[in-house]
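Here is what Swiss-Prot says about this protein:
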BINDING   GLY863, VAL864, PRO865, GLY866, CYS867, GLY868, LYS869, THR870  ATP binding site
DOMAIN    72-287  domain 'Alphavirus-like MT'
DOMAIN    831-991  domain '(+)RNA virus helicase ATP-binding'
DOMAIN    992-1144  domain '(+)RNA virus helicase C-terminal'
DOMAIN    1413-1526  domain 'RdRp catalytic'
Amino acid sequence: MANINEQINNQRDAAASGRNNLVSQLASKRVYDEAVRSLDHQDRRPKMNFSRVVSTEHTRLVTDAYPEFSISFTATKNSVHSLAGGLRLLELEYMMMQVPYGSPCYDIGGNYTQHLFKGRSYVHCCNPCLDLKDVARNVMYNDMITQHVQRHKGSGGCRPLPTFQIDAFRRYDSSPCAVTCSDVFQECSYDFGSGRDNHAVSLHSIYDIPYSSIGPALHRKNVRVCYAAFHFSEALLLGSPVGNLNSIGAQFRVDGDDVHFLFSEESTLHYTHSLENIKLIVMRTYFPADDRFVYIKEFMVKRVDTFFFRLVRADTHMLHKSVGHYSKSKSEYFALNTPPIFQDKATFSVWFPEAKRKVLIPKFELSRFLSGNVKISRMLVDADFVHTIINHISTYDNKALVWKNVQSFVESIRSRVIVNGVSVKSEWNVPVDQLTDISFSIFLLVKVRKVQIELMSDKVVIEARGLLRRFADSLKSAVEGLGDCVYDALVQTGWFDTSSDELKVLLPEPFMTFSDYLEGMYEADAKIERESVSELLASGDDLFKKIDEIRNNYSGVEFDVEKFQEFCKELNVNPMLIGHVIEAIFSQKAGVTVTGLGTLSPEMGASVALSSTSVDTCEDMDVTEDMEDIVLMADKSHSYMSPEMARWADVKYGNNKGALVEYKVGTSMTLPATWAEKGKAVLPLSGICVRKPQFSKPLDEEDDLRLSNMNFFKVSDLKLKKTITPVVYTGTIRERQMKNYIDYLSASLGSTLGNLERIVRSDWNGTEESMQTFGLYDCEKCKWLLLPAEKKHAWAVVLASDDTTRIIFLSYDESGSPIIDKKNWKRFAVCSETKVYSVIRSLEVLNKEAIVDPGVHITLVDGVPGCGKTAEIIARVNWKTDLVLTPGREAAAMIRRRACALHKSPVATNDNVRTFDSFVMNRKIFKFDAVYVDEGLMVHTGLLNFALKISGCKKAFVFGDAKQIPFINRVMNFDYPKELRTLIVDNVERRYVTHRCPRDVTSFLNTIYKAAVATTSPVVHSVKAIKVSGAGILRPELTKIKGKIITFTQSDKQSLIKSGYNDVNTVHEIQGETFEETAVVRATPTPIGLIARDSPHVLVALTRHTKAMVYYTVVFDAVTSIIADVEKVDQSILTMFATTVPTKXQLMQNSLYVHRNIFLPVSKTGFYTDMQEFYDRCLPGNSFVLNDFDAVTMRLRDNEFNLQPCRLTLSNLDPVPALIKNEAQNFLIPVLRTACERPRIPGLLENLVAMIKRNMNTPDLAGTVDITNMSISIVDNFFSSFVRDEVLLDHLDCVRASSIQSFSDWFSCQPTSAVGQLANFNFIDLPAFDTYMHMIKRQPKSRLDTSIQSEYPALQTIVYHPKVVNAVFGPVFKYLTTKFLSMVDSSKFFFYTRKKPEDLQEFFSDLSSHSDYEILELDVSKYDKSQSDFHFSIEMAIWEKLGLDDILAWMWSMGHKRTILQDFQAGIKTLIYYQRKSGDVTTFIGNTFIIAACVASMLPLDKCFKASFCGDDSLIYLPKGLEYPDIQATANLVWNFEAKLFRKKYGYFCGKYIIHHANGCIVYPDPLKLISKLGNKSLVGYEHVEEFRISLLDVAHSLFNGAYFHLLDDAIHELFPNAGGCSFVINCLCKYLSDKRLFRSLYIDVSK
């Protein structure tokens, strides 16, 4: 046996050493067989004949480039550019190999003869004739077909075509247009009609398709994948005039935006394309098709100077997990956000292999430099070559650093390299003809740097030009042949700046890679250019501040800023100096006395002295007494005025004996500005204004304000009011209403122009992004930077080429694009207010209308909904002599339709049935006997009076409903006084019988109206409510909605329209109309101020139907409550047509008041089931929710999201490693079942859902707000409310006087880590302030409601800056916050930051339960993402007033205007604007500032007892009986907040109950929140459990005092009526929290 084993081992050794012949033969046989199989496979490749004559080198090049084909080089044709011509056949066949056989295919600009010869009967070629060469090419195609046909005819009869060609030629014979057409691909009308996805190929034709048309054109043809081949040279991206394609002997030549492609051996083949279009195609990744589909470019391969790529259609709605088919897509078009280019160096190297391991250097031609005429270009040079030269010559001393030595060294290393004493060929392939220019350029770079260091080290004080001269002399000594022209040559390099009093050397970056250059060239946002003018901007800001200060302090002075600056420039005088001189004249500090002005007040004297024209003045017009009360006096003279004011009023308006209303909006009234320059029309011609006019326009002597004169008019010449200007209106009440309406139009136009100026002067770098209702159009690029919701606007504000803003009227071409003036326009801005000319045109007409009382007898017909007001108008009106006016076009059209149908003739026309705007703007000569106004209470009272005066009528009938929606003032910084909102009528008629409303709705009407309401409708029950689980269910395919669709908000309306519903309107738009069936839809779950029992919007919504109304809602609210109430009413009661709902009374029981703060220990009793029972009472159903695997379900199911433009990395969709790691953790199972969820795993879906919830789909509720002026007013009110004036002034003086000391204060208290971050920071450049990282909190927030049962809670997001940014700004804002908190009136206001719960309890202990107060709580939903540029302007104004440095303020604002969110973990990138960032250093204190400013602007905090603020929480104690404004409307229209004001019996603040007793208060944490946390599913061990118990015990320590549990019961009942008593629950909670062993029993370890 041993012998056998030995023999076996010997044989193995022999085989291993090759001595065994049998094994060697077997191995040779194996190699032979593999070679045979390989050749057999190669023989199966498609066979191609390369007929052109090419060289042996080219033969190898073609064979290696296309291994997919078996190529036979027949060499039967000799032609020019034979290599390129032969390659076109291979390129087309390579792309057709990618197309599935038989799949319909479009060949864009293709050779249809080649497809015919290949037998492809499924290809359509688009062969447009773009020039004469294309015509000639089509002639050759026809000849080729003729030759082929003749070849098969022959002399002896017809030979049949090959079988595979028969179908293709039969198709060409029967339908040539199916094979080829002469249209460009974008306009091709041919359709395969198969219903299948098509393909497309483009062989060197993609250049001629505009970049923006590629995606839509492919999608219109239902193309799934498009394969394209094209030539390109990276030299074109460097700005080179020539780009060579050496392999095929071709080149690109650049001529402006045209690039010419031609062959060096033959000049007739010459094609011209758009260079800009080629760059866009090369640089971009996404080609949008519509609002859903996008084509993604994927690079395939580069072969013989030809790039191949494919465009793959992607469905952005479906992600990559599922497949769906939609028959049609939305019509609105949007472009995806373009990502930064070439971030991946590997991808970059594949695209442009010649740029691999190379850097860009500036190249100077030595011959031009010697002549003084410098031309700078760029060149790609091997990086090692450049670094070797620079590293070597940098060691030369000054004597050795001459150009000859550098040239000699460069030549030596280029020509040879010595290795071990042997000279070999150089490894660097640098063109020899350019060595001179390369060496000179590198020499110049190093020489400039060394001489710069020398000049600084010498410390010689020389003029700036002397320094440059000195450097030129140094360079002359280093380069022979340089003469005096070297100085001019250095200046032309652009490296030196001698404009100021110093020499600045700006050297280019010598080590810039090709990808870095592309990023800077094509994606940079020009921050360097903006920073270069910072000093100019700062001086300009100072000038405008000084001008503004003079205007505010001294009325009557107007500045033409442009003329003022030109004047200062001409005299070479600092504008600030003249500003101080003017101020000194005003204040009489300059010692200058003007003759003849001694009797005038200082203000007026100074103004008259500075005026260049004559003025009319009245003596003794100085007013010194303050006017502090509102005075209403009818039919009295000006006796209440001072004599000066009375004379002035008489001069201005005559001795008017009518009624007069005087009101003020400010602290005191100063001298009104009564003087004006000649040739200036002042609008409004309304009240006596105490400051400068609101709206004025320079005019000629005989000109007036016309619409035609406004086109291209300077906005700066329309002097807009800055703040709410105090105005005194004179005349009768109707005259005052008319004057107020002109002011309203002026303020509306002023706010619109102000906001449009902000937009048009801002820097926007994106393309077709969305921001509220604004639109911004770049006239140079002919594209929208900000895409408006609707296009076709009537007018806009344009930034002209002279850097002025002007009003323009827009026109459009046939395609709907605006017709622009590229020469004079840079960009223009539009918004929702620029859709029509109504405001401008109304100002034009009404300015010329005399303001007198119309003297019309007005009868108000006040009727309930459906009482037949419109029918009564149609029945009573005399269509020959009377006029009907309506607020909207829909109502006017309805009246015309019904009247013509009733009389069976066109009695109602556009002349006697008109809207208010149309009637005022387009006056006609008709006079009317009577005017009938439908829904007349919806318009401004001044507009109604103007319309009645223009009509010339003697009597008017105003039909309306005082309980329905009134006129809404949408200009938030304009005051529409209460007394002017009242319509003055002579008679009132009432209608209380409704013919529309069913009986159940009539029962509701009786709770609204004081008189009994009856109905004639036979319908008994008509309303019902349906709760939907979420807004995503509201789609036509999922929820069928019958009847007219009505919404409460514009956002819900737009959401339903996007979902696919038609005929949707808001309640405001359909007031006064009637429908058989209606569907009222609420898709917004957050509180809406319009939805309340006494809201007029709810009344309108419930009374539009005659038969049925269904309310679809995502939450239960006041409407569902009303519907539930009317459904309970018995039918027998409804037959009475009138009913009243009894008032529900709550039995009150006096609390037991303890006269001292006692301590009563809790009795620690009970079992954990007590806590479970209490939780289920408060939040029924939450404990039955099985949500452990909701995250898994979401990943496995199809998801459809409504996204704003963003970039998604789909490879991060399934976070497999994190899932595996999470499953390996042993989570304890809680005994208590609450709404707490398991920790989520970050990934694309989770983070995307969180980002949609927290950052996207922002509310758009705000009206027209003058942001700049409104923010100034709010900030002033903020400081006057919370800070005493003397404290604020002391602080500002301290900040400005000792900024270094301020820096030392916060630096001394910083931790070592923060100081270390500052020490390691690279101060050469600024960090990216506008770039934020995004992450999520893994643990979902447990909410104290039942939403967990119907929705998948989104995680909380953290949007944060890098540490280096926080290290700079964190200490600064911390210092400013500390200073602010030290100034707050701590006796009345409490900012819950850096405080303890004990501090909160001590703050409220001043109030007892006996105090006469009411508790208000402002609840705001979507708080962070509702904040816009308005909120940011307020916050920045607060910081600046606290002393924030101007530079830091500018940087901070730049980092918050247009910000980039990047989530590297999930692979998401998107843009947001101004929105609150949840993780930057001002998140908490900034939110606190905003909520405090919001409350202070809406409530009289000067009368409050206490107020506390924390983040988005607020609690205010005010005296009872105060009247408040419409908080919901103000929060919506001004602050863009979905907010609601609650009156509470007990305060609830930051998760704590504020319980007041007889002698103070006690603060209890919310026990329900603590019990909810006991269901925590993220605990991983009992050590973790113990840490959790200690943290809860620290929070709940005040619950161990049971003395006031009876009051806590009442407080909990206020929020949770079904809670029952809470004492036993708190006893049980304290028992478990205080016992480690018992608390441990609340969690089970299933692994044991």
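Just so you know, glycine gets a Cβ as well, placed from its N, Cα and C.
Annotated features taken from Swiss-Prot, shown on the structure.
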| residue | record | Cβ within 10 Å |
| --- | --- | --- |
| GLY863 | ATP binding site | 20 |
| VAL864 | ATP binding site | 27 |
| PRO865 | ATP binding site | 24 |
| GLY866 | ATP binding site | 28 |
| CYS867 | ATP binding site | 25 |
| GLY868 | ATP binding site | 17 |
| LYS869 | ATP binding site | 22 |
| THR870 | ATP binding site | 23 |
*Average model confidence [pLDDT] within the domain 'RdRp catalytic' (1413-1526)*: 87
*Coarse DSSP state, helix versus strand versus coil, of CYS867 (ATP binding site)*: coil
_With helix taken as DSSP H, G or I, strand as E or B and everything else coil, how many residues of the domain 'RdRp catalytic' (1413-1526) land in each class?_
45 helix, 31 strand, 38 coil
*Inside 8 A of the center formed by the CB atoms of GLY863, VAL864, PRO865, GLY866, CYS867, GLY868, LYS869, THR870, which other residues of the chain have their CB, for the recorded ATP site?*
ASP961, ARG991, THR994, HIS995, ARG996
